[in-house]
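Written out below as structure tokens is the structure these notes cover.
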Amino acid sequence: MVASDEFRRVFGSFDQDGDGKISATELRLCVKASLGEDMPDEEVQALMALADTDGDGLLDEEEFVRLVTEMEADGDEEEDDDDETCRCLREAFAMYEMEGRGCITPLSLKLMLSKLGTHLDVAECQAMICRFDMNGDGVLTFDEFKTMMMA
């Protein structure tokens, strides 16, 4: 399953000390790095309690993948209810996707932002993309763009 492989890669990046487990601290730090926002202690503890099936206070890879899969499934149900938002996001994505590759590259992001009056260099655009580039390919797919816009 491709999504599961992607979640496993994300798990590896969250597991900063390489012990095969994600602590509440690692989860909080990675959410901040990914979304640029702090997650309140209560939310971190609630997620940990929800997913920690063996009760050790840590998330192993299997627990993490199950949590993310369930969260994604819940998100899919909510997305079905909001077709207009999705249509608008697709239109916005098409404006940023200028190279015909079906994704937003650092260069296409730079060009569109310049048209909108914000002048960033390619490295700054790469950093923006990196925050939401879940599969690590250096570009934003529509799903990654949607995640960024909904954050």
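Keep in mind that glycine also has a Cβ here, set from the backbone N, Cα and C atoms.
Cross-referencing GLU43, GLU63 with the Ca(2+) 2 binding residues that Swiss-Prot gives (ASP52, ASP54, ASP56) picks out GLU63.
Cβ atoms under 8 Å from those of the domain 'EF-hand 1' (2-37) belong to residues 44-45, 47-48, 56-61, 64-65, 68-69, 72, 131-132, 134-136, 151 of the same chain, restricted to positions at least 6 beyond its ends. LYS21 (Ca(2+) 1 binding site) carries a strand DSSP state (E or B). Remote same-chain residues near the domain 'EF-hand 2' (39-74) are listed as 3-4, 7-8, 10-11, 14, 20-24, 27-28, 31-32 (criterion: CB distance under 8 Å, separation of at least six residues from the stretch ends).
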